[in-house]
């Protein structure tokens, strides 16, 4: 059994490498597959692992539900009738086959920055997908958002079309990082604040936003609530393994790490870290931490001691690779505490990756702590051990719980 | 019955042994299917730190144990009696679900001593054949310390075991267990810090000339990432440990150290809530062809496999072999047959110390934190003229006293009412105990067989335990408990109460889940069921792994050795069997 399998596998590999040398398109398809990983296409286009890219993932937006399309080459329900120009127009202009306008949940506002070469590679790879017949109604928005022609106005306000232009005064590594973050990686889709129409707010790139009931934190280089205290190694470790000395990826970012960033090449992760760390230190208003004498802080300290300190340690130090550090952690200083409230109330499971398979979980405390108590303990950790951030009240906790229903 | 596509390996049971072997063989590239009788268990979902500290649920109602309605055993003390079924667990606690009994274990992780693996030879050499009492049927294991040691190391590294090495590559170091065999590597994590009771005991033992050491423990003392990449967090002495799943990722079990890595592998599949009914063999009886199992909908399936690994709890390993007619069933009258022979237990003894002015904070504890001495264990002392063999591990390991179960009062206190309440109040903080977990040596009439009268819901006979304490073991219990009492006395308590094991085995009070033997390893197929690679004699593609392989039980907890045997079997399969499938040892 073993011997036979490995022999035939070895034979197959030998054939494969021979074929690869003989067929340059093999390299193109392999590059395209990597670009699909960079873009995390699977996040919105695969619901069932046995039907890859057949669509169906529901995205809850503030305007209603959008559903990821079937992007397999099935002519009837997928994109089998498309040609490259159709594909490129969808990716870079947000206009699909037959002139149908795409919603911004499909991050063409980022993909517009992708190079023609990358798009061609990606397209070559997509031709190799198994066509799957799977009807998807992508637009499930209520009136009036379901009228696609309204998107003309949306695009006019929110969309800057055009391929990424390198900054000549920056290093090649920085430029590669900028391309990945702003283009295929589409980090801003979650991490950039949105205006009332759901478009990116000008001048606030990557400063943090609530997405699907989580707060996608500030990724700028500012010290208090951004990545200023993270080293490039911290960023690479987080994206590569889901874990670094501050945190473990959770919520939608766990999916992003699991499907996408853990598979990125090391030089690409380094480039991303260089770009994120190369940004200006944003001038941010750093609040004064609440005094320990504050009633909420006193209650929070008691709850922390009895419920939290066993794992996160009495001084908020945490434990390496398993329990996130709370001390001096910019993630606790975000202007919005949605994610913190959520993990305390509902619990959350960290990502598992090849390098860090543990996937430790934060348990749900909603059964043993009331809204006031959850608010107090979140307020306490946001204002202890070097952290400082706005207090949280019971109403905010209830709001997060309501959104979970 | 529907037949499934054939797989390379089927593993029965996803506790410690099964999970380790499944991981090792999946790493080898084989397609592995693990079949588990109980539910999937997972720290994140099942052992929420906010709610797991529930004594009623986990201790009183035995949440993590096998339901006796699903499967139980019958028991009797000797072959002349008719066995009756156990309808609630008492004496021992068989686990259920992924992680198995390794979820609710204490975490004490001893290696057996080098002499243990050739016990009969060793005792014969030291005292002469006539010194071994007639009632005992001691055996060698057919393996050696040198062959076991690397696999102990593997297990400890996966479990993150904490402790202090006394014999590191031959270098003797004070502060560890001076009786341990030579180690090729240090414990992966340093010893846990000690609560007050163990500290006091260690001082007293030292004053009497003994050499106390921190009890080796698979509760990690610091964050630890094992060779499979899985991370554990440090033990916090919460005291909800034995009988509970660990909420802090501190107590090693298959679910905290192996399964997170194993479940990621595409060539591994777990079937949970699926009970294996039988191991199938071909018409020659010399080749296992797979297993049959029943799923939670009551549908029966056949899972064919090239290699079958039976790695359930001791009882179910033996029962499956009896039900599948693997090997000849042991008969105590003719002394023939091997399946079911050499069943042994553990002889539990203890001394309780009542003080007036001490505060032990007994709620601080862990399944495996404490100090021990080994001067009266196994053959570490001269047994000449004592009239018995064996001994016990003497130690103070406060497991954490939970509110319902822990109400220490001196003997003759009323069982209820104001006097009882006062006694509880007076003694709760100021009582400690010293345990002596002692050996259990096998006899001809202690064995496992199929019960002729009682069956499970599928109509299969229950396993019947025929067991009573050997005279040898009761004498040993008296002697060793006396030694414990001497140490206790030197600590000047107000009162001591010594409880050596005495009388007949009683299945009602909890004593120990360390049930061993019944499908034992050895070098001779006429007196053993598996060879030193845990490969079944005459059925070379069948391996039976677990404490069922112990020919007798020393005065130590078994899990470290179960883990080492699992790695030993996996090693033999990976390095020898797969290259030349067949008997690795010919009898």
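Cβ coordinates are placed from backbone N, Cα and C, and glycine is handled just like the others.
If you check TrEMBL, you get these features:
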type	residues	note
SIGNAL	A:1-22	signal peptide
DOMAIN	A:27-130	domain 'Cytochrome c'
BINDING	A:41, A:44, A:45	heme c 1 binding site
DOMAIN	A:172-280	domain 'Cytochrome c'
BINDING	A:187, A:190, A:191	heme c 2 binding site
DOMAIN	A:295-385	domain 'Cytochrome c'
BINDING	A:308, A:311, A:312	heme c 3 binding site
Same chain, 6+ residues apart, C-beta under 8 Å of the C-beta of residue A:44 (heme c 1 binding site), given in sequence order: A:57, A:59, A:68, A:105, A:106
Rounded to the nearest Å - Cα separation of residue A:190 (heme c 2 binding site) and residue A:308 (heme c 3 binding site): 29
Candidates from A:44, A:45, A:190, A:191, A:311, A:312 close to chain B, where binding-site residues are judged by Cβ under 8 Å: A:311
Heme c 1 site shell beyond A:41, A:44, A:45, criterion: Cβ within 8 Å of Cβ centroid: A:40, A:42, A:43, A:46, A:53, A:55, A:57, A:68, A:71
Rounded Cα-Cα span from residue A:45 (heme c 1 binding site) to residue A:187 (heme c 2 binding site), Å: 17
Shell of the heme c 2 site beyond A:187, A:190, A:191, same chain only (C-beta within 8 angstroms of their C-beta centre): A:186, A:188, A:189, A:192, A:206, A:209, A:211, A:216, A:219
Long-range Cβ environment of residue A:311 (heme c 3 binding site), under 8 Å and at least 6 residues apart: A:318, A:319, A:322, A:323
Coarse DSSP state, helix versus strand versus coil, of residue A:45 (heme c 1 binding site): helix
Residue pair residue A:41 (heme c 1 binding site), residue A:191 (heme c 2 binding site) - Cα distance, angstrom, rounded: 17
For the heme c 3 site built from A:308, A:311, A:312, further residues of that chain with CB within 8 A of the site's CB center: A:304, A:307, A:309, A:310, A:313, A:318, A:323, A:326
Cα-to-Cα gap, residue A:191 (heme c 2 binding site) vs residue A:312 (heme c 3 binding site), nearest whole Å: 26
Averaged pLDDT, computed only over the residues in the domain 'Cytochrome c' (A:172-280): 94
Distance, residue A:45 (heme c 1 binding site) to residue A:312 (heme c 3 binding site) (CA atoms, angstrom): 37
Cβ neighbour count (within 10 Å, all chains shown) around residue A:191 (heme c 2 binding site): 22
Chain-internal residues, separated by at least six, CB under 8 A from residue A:308 (heme c 3 binding site): A:377, A:381
Spatial neighbours of residue A:45 (heme c 1 binding site) that are distant in sequence (at least 6 apart) but have CB under 8 A: A:53, A:54, A:55, A:57, A:68, A:69, A:70, A:71
Residue counts (helix, strand, coil, in that order) that DSSP gives for the domain 'Cytochrome c' (A:295-385): 43 helix, 6 strand, 42 coil
Helix, strand and coil residues within the domain 'Cytochrome c' (A:27-130) as assigned by DSSP: 46 helix, 12 strand, 46 coil
Helix, strand and coil totals (DSSP H, G, I; E, B; other) for the domain 'Cytochrome c' (A:172-280): 49 helix, 10 strand, 50 coil
